[in-house]
Each structure stands twice: as C-alpha cells, then as structure tokens.
Amino acid sequence: MTIDSGFNHITVLLDEAVEALAVRADGCYLDGTFGRGGHSRLILSQLGSDGKLLGFDKDPQAIATGQALAAEDGRFVVVQRSFAELGAEVAERGMAGKVAGVLLDLGVSSPQLDDPERGFSFMNDGPLDMRMDPTRGVSAAQFIATAPVEEIARVFKEYGEERFAGRMARAVVERREIQPFERTADLAEVLKVANPAWEKGKNPATRAFQGLRIHVNNELGDLEAGLEAALEALEVGGRLVVISFHSLEDRIVKLFMRRLVKGESDNLPRNLPVRFEAFVPKIKIHGKAQFASEAELKANPRSRSAVMRVAEKLR
C-alpha cells in the first residue's frame with residue numbers, strides 16, 4: 001500500500017502483473033500508468049544496475065510522486081504524458097523496438113477517486129472536474145454545460161453503458177437551464193432522480209459518471225493508441241501486460257490481442273493475393289485472462305472488476 005495526501009492506494013494485481021512481465025535484470029521497461037508507483041517499485045526491485053524503467057502519467061500528483069522516486073533511483077525516469085504518446089517518447093529516447101516490457105494499469109486510481117477536489121466521485125462532493133490532468137482539456141462541468149442533449153446521452157450510453165441515457169441526459173439539460181452544474185453531488189442527485197430503475201448495490205449515478213470520466217479523458221481513444229504504440233516499442237520477445245477495470249476497456253484489449261494473434265490476414269479484402277507473412281501471428285497470448293484472488297478481493301474490494309491480459313511480441 002502507498003500513501004498519498006492521506007488517501008490510500010492499494011495496487012491491484014501487483015505481484016501477478018510484474019511476474020507476467022518476466023523482468024530481465026538489464027531490460028528496459030515502461031510503466032504506462034505510474035499512479036502512485038506500486039508496480040514501478042516492484043519492477044525496480046527486480047532490475048539490475050543496467051536496467052531502466054520509464055514511467056508515464058497525466059496526473060500532476062502522480063508525477064510529483066514519480067519525481068521523488070526518480071531522485072532516489074537513477075534507473076527510473078517519469079514523464080507527464082499519456083501512455084498514448086509513449087511511441088513518440090520512446091522514439092525521442094532511442095528506445096523504439098528495444099523495450100522488454102510494457103505495463104498498462106488502466107482506469108482511475110483510489111487517490112483520484114477518494115479526493116473530493118478531483119471531482120471523480122459521486123460519493124464525495126467536490127468540483128465537477130474529472131480530468132486526469134486538471135490543467136488540460138475540458139472539465140466534466142464544461143462539457144455538461146455546453147454539449148447538446150444528444151451528445152450527453154451518447155456519452156452516458158456508449159461509455160457508461162447506461163440504458164436510461166436519454167432520460168438522464170434530458171434531466172441534465174433541463175436542470176442546467178435553471179442553474180449550471182458545478183459540484184459532483186449536485187449532478188449525482190439529478191441523475192439519481194432521473195434513473196427509474198436502480199441496480200441493487202449500485203449508485204444510480206455510477207454508469208453516467210463512468211461515461212463522463214471516459215469521455216473527458218479520452219480513455220478509450222488513448223487505450224487504442226497506446227496498445228499500438230506499445231507493440232511497436234517492444235523488442236521481439238517483449239511482454240505487454242494490461243489490467244482493465246470495465247468491459248469497454250477489456251473488449252478493446254481482447255480484440256487487439258486476438259487480431260494480432262491472427263496476423264494481418266483478417267484485415268485484408270477477400271480473394272486478394274497475400275504474402276505468407278500476413279498469416280503469421282505478431283503476438284502470442286500468455287494464459288487466460290487473470291482476475292484478483294479471493295484474498296485480494298477481501299483486502300481491496302475495488303479489485304473485483306480487474307482483468308489482466310498478457311501478450312508476447314513475436315515479430
């Protein structure tokens with residue numbers, strides 16, 4: 001467990017993810033989602049003096065933690081960039097095709113969720129922000145204030161998988177005409193009233209808040225770009241380890257890996273002559289999807305939705 005500003009963060013699938021990387025003492029590794037450094041610290045403990053670890057994060061608080069770690073350990077460097085941009089960063093550092101492993105631990109961290117000032121949670125009232133990097137992009141409040149009802153409904157439905165997206169979006173637009181949304185609790189209350197069928201054990205605002213967060217941070221677009229960039233960065237034999245926390249993320253990861261196991265042949269038109277190489281797999285998948293153990297679920301209930309998938313680059 002790492003402590004940050006009074007907020008606890010327990011790294012999910014810590015040992016399993018680092019074991020899946022098969023860390024080599026002299027290898028170069030990327031932690032695409034540094035967070036509070038749980039995975040990075042364990043990777044560093046397995047690296048030798050010639051090993052290197054490059055961490056990425058958009059969150060300024062995570063970067064501050066990373067800079068403190070970098071000051072202690074010269075093998076580690078942290079950069080304030082999305083993992084979607086890791087291709088550019090790796091190229092700038094002359095590391096393209098030389099990376100032994102990439103780890104992506106997706107979603108929002110406990111310190112982000114639990115800090116009311118970040119605006120991620122409907123459980124704790126705070127400014128309606130939701131940005132991983134509060135200095136860039138459009139906040140959730142700004143999006144809600146200006147987006148057409150159809151766009152808000154699309155975000156709730158596509159990214160939150162909310163079946164009452166249209167009804168909830170209309171309630172949001174009706175209310176914003178009277179008073180703009182500035183606080184998470186305010187939005188959560190309107191969504192709660194507009195949701196006619198509450199799921200047992202789940203706050204009625206859960207799915208809509210997820211949709212907003214994913215949209216504000218372009219999480220699925222970043223994931224698609226990051227997966228492609230990670231594959232290009234890896235050396236042959238390098239490992240890609242991805243931990244996702246909801247079905248939309250996991251679907252993207254699963255389809256990406258399945259496509260590359262089949263080579264490029266699936267993407268070509270029928271009856272088109274192709275080279276044999278088009279049928280040669282680019283990766284192999286290591287084992288089945290892995291989930292948190294009973295012991296981890298008991299210690300950290302937020303791990304219940306975690307799914308880990310592992311692939312190795314073949315060419």
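Just so it is clear, glycine is given a Cβ too, placed from its N, Cα and C backbone atoms.
Annotated S-adenosyl-L-methionine binding in Swiss-Prot involves G37, G38, H39, F83, D105, Q112 plus, out of the candidates D57, D186, D250, the residue D57. Counted within 10 Å of its Cβ, the other Cβ atoms near G38 (S-adenosyl-L-methionine binding site) come to 22, all protein chains included. For D105 (S-adenosyl-L-methionine binding site), the same-chain residues that are 6 or more apart in sequence and have a Cβ closer than 8 Å to its Cβ are T11, V12, A17, G32, T33, G35, H39, I243. A 10 Å cutoff on Cβ-Cβ distances gives Q112 (S-adenosyl-L-methionine binding site) a total of 24 other Cβ atoms nearby, all chains included.
Binding-site extent for S-adenosyl-L-methionine: residues G37, G38, H39, D57, F83, D105, Q112, maximum pairwise Cα distance 18 Å (rounded to the nearest whole number).
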